[in-house]
Amino acid sequence: MSLLGTINPNINPERTVAGRGTQEEEGEIARVEHNHHNNAASVSTDETVLERSKEIGDEDVAVEEVTRLARQLTRQSTRFSTSGNVENPFLETKEDSTLNPLSPNFKAKNWMKNLLALSSRDPERYPKRVAGVAFKNLSVHGYGSPTDYQKDVFNSVLEVGTLVRRIMGTGKQKIQILRDFDGLVKSGEMLVVLGRPGSGCSTFLKTISGEMNGIYMDEKSYLNYQGISSKQMRKQFRGEAIYTAETDVHFPQLTVGDTLKFAALARAPRNRLPGVSREQYAVHMRDVVMAMLGLTHTMNTRVGNDFVRGVSGGERKRVSIAEATLSGSPLQCWDNSTRGLDSANALEFCKTLNLMTKYAGATVAVAIYQASQSAYDVFDKVTVLYEGRQIYFGRTDEAKEFFTNMGFECPERQTTADFLTSLTSPAERVVKPGFEGKVPQTPDEFVRAWKSSEAYAKLMREIEEYDREFPIGGESLNQFIESRRAMQAKNQRVKSPYTISVWQQIELCMIRGFQRLKGDSSLTMSQLIGNFIMALVIGSVFYNLPDDTSSFYARGALLFFAVLLNAFSSALEILTLYAQRPIVEKQARYAMYHPFAEAIASMLCDMPYKITNAIIFNLTLYFMTNLRREPGAFFVFLLFSFVTTLTMSMLFRTMAASSRTLSQALVPAAILILGLVIYTGFTIPTRNMLGWSRWMNYIDPIAYGFESLMVNEFHNRQFLCPDSAFVPSSGAYDSQPLAYRVCSTVGSVSGSRYVQGDDYLNQSFQYYKSHQWRNLGIMFGFMFFFMFTYLTATEYISESKSKGEVLLFRRGHAQPTGSHDVEKSPEVSSAAKTDEASSKEATGAIQRQEAIFQWKDVCYDIKIKGEPRRILDHVDGWVKPGTCTALMGVSGAGKTTLLDVLATRVTMGVVSGEMLVDGRPRDQSFQRKTGYVQQQDLHLHTTTVREALRFSALLRQPAHVPRQEKIDYVEEVIKLLGMESYADAVVGVPGEGLNVEQRKRLTIGVELAAKPQLLLFLDEPTSGLDSQTSWSILDLIDTLTKHGQAILCTIHQPSAMLFQRFDRLLFLAKGGKTVYFGEIGEKSSTLASYFERNGAPKLPPDANPAEWMLEVIGAAPGSHSDIDWPAVWRDSPERRAVHEHLDELKRTLSQKPIDPSKADPGSYDEFAAPFTIQLWECLLRVFSQYWRTPVYIYSKTALCVLTALYIGFSFFNAQNSAQGLQNQMFSIFMLMTIFGNLVQQIMPNFCTQRSLYEVRERPSKTYSWKAFMAANIIVELPWNTLMAFLIFVCWYYPIGLYRNAEPTDSVHERGALMFLLIWSFLLFTSTFAHMMIAGIELAETGGNLANLLFSLCLIFCGVLAPPQSLPGFWIFMYRVSPFTYLVSAMLSTGVSGTNAVCEPVEFLHFDPPSNMTCKDYMADYISTRGGYLENPSATSDCTFCTISSTDTFLSAVSSHYSDAWRNFGIMWAYIIFNIFAAVFIYWLARVPKGKRTKGST
């Protein structure tokens, strides 16, 4: 029987049972035991315990008590099985039963005990599966680049040498992460792993759980999983030791219930209780785990993520915990899984783990960065890590004593976990008087002290004893294999780590696939509707094609477009596969299913959509356009279209699965798509393909589909040739017999009114009917080959992993020190190591604040679903220079909202009340004169720390301050914040670059650099940080307040020691009501006396006042209060005193004259810097961002150059024949297709800049939105100019377009014009991208919309359907499309003014009337229509070419060289329109238009 490990009736009686429960739990166990064993032995044992309790502490008695009871429980388990009150909770529970997880009476402990009793009846059916772990000399290393600098466009070129060395196997530096760890965690024990971020906690947990991606164990390392070797555990038993990362990755569209039911089904054992089906088992287990973690109410709520609305962040974290719990692994490693949970829920999590270890025999290791004393006490063992070294491993209750005996002191009210972690920080550890110089200082000294201790010797003896008891490969391994075998499906391989069979895995993933579709059908429906609309548009463009030869080109173009739309309808699968990849990889690590099983399921789940789409799209298109109206022909068309879709889907999936990052996949995908399009056989017929590139046509699956569709359309049909299409025609020629005339279409025969479809295909395309079904077989071959490569790649290629928080520096600015920790470089891990003297010296330069900020009766109302809701309710307070006020409250009390209201950052709703600065209302400069440190550390990832600070200083300090003075001030801020060691380090993205503490310091620094004249707001500055980092941030706040800074700071459940560091407290209850505002007092005496005076219980001496306060007002989980504390405050003398003081401040301060010497001429301006400075600084920053994002620039360059070269050489030296001119037109048409890829590259960059601007820089009035938009549009200009030059050279010359200008001697002029046209195309693309994304949130949405409009512009530009063939309804689109003018100008510039020469297949053959030469016969026709004769003097078989000049071809497609410069001007009109539209849309959609306020502000 499996729960959260194994419900184990045979717990090894020799080992100590882990976990100390509450007294109530122990009492209940004792009562259960007493009922079953009311005998002398138990009585005597009880007496022994009572006697011993006098000698030793209660805590140890509790341990022994639980140990004894559990042993008795084990020995007497058979008695459980005979007791009559045991029931099967999967089948028989009553609604109000304590075993029913859906009942409010549910008790997890009772449920576990009951299940233990049931499983003990048949130990052979439910063999135990436990896995403790012992490790000796555990050392782990990774590999890094010896010189990891920030890459930019220039120095990336230098990386080629590094790449070569890497391929050769050299140039990598070994980085030691963990050194010589020893420890033993027995089954049923809990280990807490303590250490600062970067000390190796994550690496340690990953190592013992076997997740070794990118890290390697040293050869001397030894691991013993209770008789199982580490290699065997990783391969055969993957999923039995799991690692749960602190990130939460789930399918956002699924409900919580479906997510967890999937996990339960994937690990559902075969040896379930009799009569329990897999479905019943999974549903019940899901319900139990949800009840244990308080998730039952979210059963039908979507999980969600940052973009999809779902459960809250804390609930999502608990979903991750529940999913890992349901995997049923006997060894579980949890990495900072309490992050995002408040202390009460964190404690509940630890208690749940304790239940698992106690009853299920699970082994648990947890890394916690902020552990309360209660949470710490739940654990049995603790290990302390210090910069990759282990400085302690032992019992939790002995750890504190170990270090205090060494000479360290634990300050009053500091939790044991904080004390142990503080030892790893030189600035924070406290040495007892008399031990100075005797205690260890460095990590190595701590290690020596630990390894020479008696505690270490005892640990080594325990490990040796454990190894003797559980030798690797011994009996315990066989028991483990037996247990796994009992769980596994009957037809599952013995050595497989998976529980259910492959077919069950596929079935399970398919059910989930359909649930995902149901959960978010909007994307599927929008694609279906979009494709249907596209079919209607194309169908109307080619509406009701005539059944004659005039439709030959149109039919070819239509089938070409149809096969491409079918082929590329799956291109978006690359993006969707990347979105789900982290989830699939995580669940494969949990051994839920093979990645290829999910891949097969996703293919099958997509089939209904693909079939529906194929029918809707192809049916509409086929019958609107009058393609061959025969049942057989339609179904053949549908078949080949569908097979093309499937084949290309497999190709795109292979590309996504075989690349490690999305950017790796996109550029190759773009070039591949281009190649597939060019070599389909329409843009260049096979007879025109150059010999060296002909092979591309053979490996193009679409080409086979296109040939078969063309054969399906033309085979065995004859098409009438219209009179106007005969040569010669009109005038006297019309009276000539047919024998002397011929149809002008390829494949025609002199004297016939009809052209055979087969002849046209054979001569034009070299297509044959005999190839049709052969092609289907080839396409199936491609499909199965790509399916195989996709499934293989999915199974074996994993996503690229984060490099960890290793600092990167700009080349030439600082030599990176050799870090020995992949997680973070410890040399710069803490500002605690900086010179404190320089920090104190720097405070002298910090802006002194003198203004007092006050607010009175502040209310904030918004409408939610049409109903008014009050978020803040008559809040009063003030902040004075040199003080730090804490703003606290329960979750949802409106703490951040109050900060936003006070800082004038709310953009909706109604604000009322009085907010004054020195007794006067706030003006529009208030926002930039205050600093606001947000909870999220948002920074531009390419900038350095110093640059980020300078940007803030230059734009936010008053304009009259000299530039150099601002820059000097930044250096003072760097010193004050202790950031000298990483001032030139690159910020990076979270997880790579600066660590959490350094980011938080930078966020504070950015606000300080602005020299806030009024006050500093801080929103949750310690959220998500470990206790030591929180302490150092509070140190920094102390330093600022001592220098006269006024600070208002929200804080979430601080420790007792952190809480004591604030001067005043503003405490809010639900609904934004004030509970208390005033002094905190020495040891919280003032605060405590207020609450005690009004009916609260006394504050215990060792309690945390912050937690006590929440319990007093009934806001902590499980607490309740009958007192209405907001009402108590409203009627209190303290509130009256606050109001009196506020009135006095207003009266005295408003009368104080403003010092004219301090008056700043621009003091009341909205922005400190003038617009020109704003634009210049923004431009510099965006330029540097582009320069330092070589992936973007090189992707753009690769896309442009490779596309241009590919097209250029595919159409190399194009001839001026009828087909050759058409090919040159398609070479221009194909160049337009890079539009979509360029847009997809531009938009994410813009979104990065915009999110930073809107969240942090706009509210603080750093610079205006006009400067932001202008800078982002201008920055593309130089890069587009460079790209235009590269495209021009790589495309224009290989095709040979310059030769067409030689007859008119205009090579230079036309070359320059062609360059300008390409340049205008790239400028149009970038400005169009900005116009599309300006008002839209997501780059993906903007990209899809831009591509839709681009497709319409391309359809109507006159290439696929000439304007004269368009229905009248669509002529306006032809005129509106910018590509109409661009393609026309480029085509006429490229080919006008030269002679045209037919290919042999294009010549028409006919006889002249008797007694006439060909020249005599054709003279009148040639003079009016053009063309030339190959054999003018012949009297039979005239060989005639219909065009003699390229201008004839141009006029047929409505293009004239005389319009080229005009069209270039029109393109500029479009570009300017795009710019103004982008600015207008941004203003309309995203610029706040002000808010409604009442009262004085």
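Each position is counted from 1, following the chain as shown.
Heads up, the Cβ atoms here are built off N, Cα and C, so glycines get one too.
What you see is a predicted model, and the numbers here were worked out from it, not measured in a lab.
Considering ASN618, ASN762, the record held by Swiss-Prot lists ASN762, annotated as N-linked glycosylation site. The recorded stretches the transmembrane segment (523-543) and the transmembrane segment (1352-1372) share 3+ CB pairs below 8 A when only pairs 6 or more apart in sequence are counted, and are therefore in contact.
Between the CA atoms of THR896 (ATP binding site) and ASN1411 (N-linked glycosylation site) there is a gap of 100 Å, rounded to the nearest whole number.
When Cβ-Cβ distances below 8 Å are used as the criterion, the transmembrane segment (665-685) is approached by residues 556-557, 559-560, 563-564, 567-568, 571, 574, 578, 651-652, 655-656, 659, 693, 696-697, 700-703, 706-707, 764-767, 1195, 1198-1199, 1202-1203, 1206-1207, 1210-1211, 1219, 1223, 1226, 1229-1230, 1233-1234, 1237, 1240 of the same chain, each at least six residues removed from its ends. Same-chain residues lying 6 or more positions outside the transmembrane segment (1192-1212) and placing a CB less than 8 Å from one of its CB atoms are 153, 156, 663, 666-667, 670-671, 674-675, 678-679, 684, 690, 693, 1186, 1223-1224, 1226-1227, 1230-1231, 1233-1234, 1237-1238, 1241, 1245, 1279, 1282-1283, 1286-1287, 1289-1296. The transmembrane segment (1313-1333) is in contact with the transmembrane segment (1226-1246), judged by 3+ CB-CB distances under 8 Å for residue pairs 6 or more apart in sequence. For GLY894 (ATP binding site), the nearest of the glycosylation sites ASN137, ASN336, ASN1411 in terms of C-alpha separation is ASN336.
Same-chain neighbours of the transmembrane segment (557-577): 527, 531, 534, 538, 542, 545, 602, 606, 610, 613-614, 617-618, 621, 625, 627, 640-642, 644-645, 647-649, 652-653, 655-657, 662, 665-666, 669, 673, 676-677, 680, 682-683, 701-702, 705-706, 709-710, 713, 1340, 1355, 1360-1361, counting only residues six or more beyond its ends whose CB sits under 8 Å from a CB of the stretch. ASN137 (N-linked glycosylation site) sits 47 Å from GLY889 (ATP binding site), counting Cα to Cα.
Nearest Cα neighbour of VAL890 (ATP binding site) among the listed glycosylation sites (ASN336, ASN762, ASN1411): ASN336. Under the criterion of 3 or more C-beta pairs below 8 Å, with sequence separation of 6 or more, the transmembrane segment (599-621) and the transmembrane segment (1273-1293) do not qualify as touching, having fewer than 3 such pairs. The CA atom of ASN762 (N-linked glycosylation site) is located 75 Å away from the CA atom of GLY892 (ATP binding site).
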